[in-house]
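This structure is in structure tokens; I'll ask about it shortly.
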Amino acid sequence: MKVTLPEFERAGVMVVGDVMLDRYWYGPTSRISPEAPVPVVKVNTIEERPGGAANVAMNIASLGANARLVGLTGIDDAARALSKSLADVNVKCDFVSVPTHPTITKLRVLSRNQQLIRLDFEEGFEGVDPQPLHERINQALSSIGALVLSDYAKGALASVQQMIQLARKAGVPVLIDPKSTDFERYRGATLLTPNLSEFEAVVGKCKTEEEIVERGMKLIADYELSALLVTRSEQGMSLLQPGKAPLHMPTQAQEVYDVTGAGDTVIGVLAATLAAGNSLEEACFFANAAAGVVVGKLGTSTVSPIELENAVRGRADTGFGVMTEEELKLAVAAARKRGEKVVMTNGVFDILHAGHVSYLANARKLGDRLIVAVNSDASTKRLKGDSRPVNPLEQRMIVLGALEAVDWVVSFEEDTPQRLIAGILPDLLVKGGDYKPEEIAGSKEVWANGGEVLVLNFEDGCSTTNIIKKIQQDKKG
């Protein structure tokens, strides 16, 4: 179906809450420590990502919306790393620095796609003067379409009731991802987004969907909420509003690798969609699709517009289909963290025929993901002559992306995809025809990275050139 995404570029959202830095240490394990019965991890990769409220802001910015972030940090390396990472993804930060406290940091050690341990460095910000936070909210209210209060129970939202009142007085919707079981703190909010366990911690165990609805509607009435969205993991999510029938949305996740930060993605997409002028029902639709994408990634992650569009078209994953080069690199990185083997091939694919389909199916069988790099129209013309391509690039890529064997499609402008291949570095590079492996563009780079290069045979009797000739002959006849 044709999907029209919200106009995220005109959406302004402020996020206020508990910001933190997520650190990831990756490496192989091959032995047990002689000091204790624990694995020894040889760390070879270190990553730092914004977490908590900062991850919410990143999710908003990744959609192309204007994201502002307010929170409490220390004056330390973690705060500086947070600021730099967020500036790099167009999040405008306005942190309140507290010299007596460290920036909240969570360190995770992973090996073989498993998290071995998490170490938390924090003291919490309870008792810190909230007035600087209130001032920042007041200054922004005239230029934002939604306020997100991201509560991780670390102290930044100690004065959450005053924050809600400031926004409601200005007519700005307030969305809250709650951590406290004392929902009195959130009285008057526009929307609360508890997950099922958080919801049941307040209302008690719910055995049926009807109980969720009944108790949820009572919460709305008791705490003067405008709406309640209960995220229910593999059961999807349920939107409850006074005077309206419940809206239950099934999950769109196809593969679940990590639920870290999924709630951040949900509330981020909700806020950006509402701030863009869409209805709450539409916002929930897009948020549900985004959640299905992000749980297929490892660690706190964001969703790009093309991933979201692919997801609402029913292809939720790491972003199937046509991609830009940068989006492809992110998708490949996510696949590698899951231990998947990436195969790559390239060609013009002007008039797709049975030989192409058979070749691509065979290439896909050699790994877990298949990338098809396609010559641009200008590149094709230089390679094949002025009469080619018959089909423009966009149409060629759409057809390729619809094939079951193909995961990702990307274009390149040069005569060969050598630069593109060098940037992706697939585990296996394949090419059809009578080439020698060393003649294939990108082979040297793939070999140098420890990858493989393989030549596959095309199906006999299938040729785009022959198809074009036959069409021309039929026209003459």
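Each residue, glycine too, has its Cβ placed from N, Cα and C.
Pasting the feature list from Swiss-Prot:
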REGION    1-318  region 'Ribokinase'
MOD_RES   K179  N6-acetyllysine
BINDING   N195, L196, S197, E198  ATP binding site
ACT_SITE  D264  active site
REGION    344-477  region 'Cytidylyltransferase'
Using Cα coordinates, what distance in whole Å links S197 (ATP binding site) and the residue listed as 'N6-acetyllysine'?
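A Cα-Cα distance of 10 Å.
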Using C-alpha atoms only, work out the spacing between N195 (ATP binding site) and K179 (N6-acetyllysine) and round it to an integer in Å.
10
Three states by DSSP: which one describes S197 (ATP binding site)?
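Once the DSSP labels are grouped into three classes, S197 (ATP binding site) ends up as helix.
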Below 8 Å Cβ to Cβ and six or more residues apart, same chain only. Which residues does that give for E198 (ATP binding site)?
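In sequence order, the residues whose Cβ lies under 8 Å from that of E198 (ATP binding site) (at least 6 apart) are P178, K179, T181.
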Can you give me the Cα-Cα distance between the residue listed as 'active site' and L196 (ATP binding site) in Å, rounded to a whole number?
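Given the Cα positions, the residue listed as 'active site' is 15 Å from L196 (ATP binding site).
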Out of K179, L196, D264, which has the highest number of nearby Cβ atoms, where nearby means within 10 Å of its Cβ, if these are the recorded positions?
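Most Cβ neighbours within 10 Å: D264.
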According to DSSP, which kind of secondary structure is K179 (N6-acetyllysine) found in, if we only use helix, strand and coil?
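For K179 (N6-acetyllysine) - judged by DSSP and reduced to three states - the answer is coil.
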Within 10 Å of each Cβ, count the other Cβ atoms, then let me know which of the binding-site residues N195, S197 comes out lowest.
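Relative to the other binding-site residues in N195, S197, S197 has the fewest Cβ atoms within 10 Å.
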Name them in sequence order: residues not among N195, L196, S197, E198 whose Cβ is within 8 Å of the mean position of the Cβ atoms defining the ATP site.
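Filtered neighbour residues, in order: P194, F199, E200, A201, V230, T231, R232.
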What counts of helix, strand and coil residues does DSSP assign across the region 'Cytidylyltransferase' (344-477)?
57 helix, 26 strand, 51 coil
